[in-house]
Structures are given as C-alpha cells and as structure tokens.
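Trainee: Starting off with a structure, shown below.
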C-alpha cells in the first residue's frame, strides 16, 4: 500500500518541497494561504519547469497516500458528538445526492454523449463516490476496457480539480458562514478524498472536518455502488454474470482508523496537545496533497480527454453543484 521504490523518491521529494515552500509563502501571504500556494506552485512547476516522466510516480504517490494518513489521524481530534451533529439530514442528503448523481450521469453519458455503458458507469461511480478509487473498483466488476478506464479517471480527476478551484468561492456565496452546510456541499460533490480535503482547506479548518465526514458516508457506500453498477451494466449487455457479486470490496483502512480515533477521543478525552498535533498533521498533508494535485495535472491530459468528455464532465459537476444546493435548501 505505502510501498516506495527507488524511482519514486524524486517525485516525493519534489512534492514535499513544493508543500514546504508553500507553507512558508503562506505565512507571508495569509490572504492566499499555503493551500492555494501549493496548488498553483504545483501547476507551474509541473507544467513549465519539471515536465519529465521521472517525477510522475512519486508525485502520484504523494497525492494519494499522505492525505490518507492525514484523514486517519484527523479522527483523533473528533468525537461522536461531532459526527452526530450531521443528523439524519446529513445521511438523507448524501444518499439522495449519490442516487441523483448516478442516475443523471448514466443517462447523460448514454443518451446525450453516446458513450459506452461501461464508461458511463465508471463516470457515474467516480463522481458519486470517490473518484479514481471508485473507478478502479468498478472497472473489473463491469469488465471495462483499459482505455475507457483511463479516460474516465482523467475526466473525473479534472472535474474534481475544477470543483476544488470553484467551490471555495461558491460555498460562502450561497451558504454564508455555515460550516456544516459548506462541508455538505464539498463533501457531497467533490470526487476524490484528497480533493475533498484540499477544497475544504481552501475555505477553513472547520469545513475540512465536516466535509471529511460527509465524504466518509460516500466512501462507506462504495461496495453498494459497485454491485449496483455491475447489475446495471449486465442488464444492458449480453456478456454474462456480474463479477461484483463475487468480489469483496473492503472499507479503506483510513476510514477504519478514523473511526477508531473518534472512539478513542470520545471515551478517553485526549489532551489538547494531542488534538493539536493531529490537526497539524492533517493540515500539512492537505498541503502536500494539493501540491501533488497541482504537479500531477498536465495540460496534455486535459487535451487528450477531448471536448466530448470534457463537456460530459463539465455538465456533471454543474448538475452536482445545483443538486447539492437544492437538497441543502430543501433538507436543512
């Protein structure tokens, strides 16, 4: 899982260096903040300065794994009281938004953009649950082709990056200073776990907490979505039985550790110093994650996706934002 080979070190060192520089610049430019600086420094360095392939594997590792540790550690700063503050509204909101996203994205792909049912299923699952991780789980269950999987991953990743840049402006505009509701918007729409934390970090630390909780609800439902997608695809094809019904799809390790941390802090009441350390670790790894996202987003990737799939992705995130805001106004 955390295995690092020799080829990764250059990219890992680069990503952490960008993050540390961004942290320092953020102190001098508090209006921008270290998170924003990390994202844009990564974009500049990754596209204009260090463009060779030698950096790629390490950058991808840095984008994915440190933030998982950050989320796991975040649990030690929370209690069940914080989780229960989401209430029944939070659960209903998440379930309805996921269901609406899956139905809309499947319909949009097949009926409007004429894409293959398997590609539409991966797009729907990636947007509804947890980005490329969801796509990686869905792809074997629906016997997707590698090229279709790569396209879906690219488009969903780009969509998540667009939301990362847009939601920090939209959330306060529509939801004021309500951290729970902004957390619902971010945690309910943004694609990958890392992008959720990155987006919320650009708003404020409290939104990171609530956005992470909403995201956890989506991640926990991954296995249900994979089985649903397999059945939906099999219903529309003649290629045989569902693989998903025979596969075991576990809960990610960091979700388990997160809830163990919440349990420990709820019953043992960890000292303030320990809580401060856990928040600091989460905050720094959030900056590392944004540096990795910036370094990993290449203009060539956007170009390769093509206007058809970029249009598909753009309409998907517009729907997600509109539906999330509508549900927030209706439920809360």
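Glycine is no exception: its Cβ is also placed from the backbone N, Cα and C atoms.
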Trainee: From 183-206, 207-230, which range did TrEMBL mark with transmembrane segment?
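Mentor: Feature transmembrane segment in TrEMBL: residues 207-230.
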Trainee: Of the ranges 118-135, 280-297, which one does TrEMBL flag as transmembrane segment?
Mentor: 280-297
Trainee: Cβ pairs under 8 Å with the transmembrane segment (251-268): which stretch of 36-53, 65-84, 152-175, 207-230, 280-297 has the most?
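Mentor: It is 65-84 that shares the most Cβ pairs under 8 Å with the transmembrane segment (251-268).
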Trainee: Determine which residues of the chain contact the transmembrane segment (280-297) at the Cβ level, with the cut-off under 8 Å and only residues 6 or more beyond its ends counted.
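Mentor: 11, 14-16, 18-19, 22-23, 34-35, 38-47, 55-56, 59-60, 62-64, 66-67, 69-71, 73-74, 77, 157-158, 161, 164, 194-195, 197-198, 201, 205, 208.
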Trainee: Near the transmembrane segment (207-230), which same-chain residues lie under 8 Å Cβ to Cβ, leaving out any that are not at least 6 residues past its ends?
Mentor: 71, 74, 77-78, 82-83, 86, 90-91, 93-94, 98, 102, 121-122, 124-125, 128-130, 133-134, 137-138, 141-142, 171, 179-180, 182-184, 186-188, 190, 193, 196-197, 199-201, 242-245, 247, 249-252, 255, 258, 282, 286
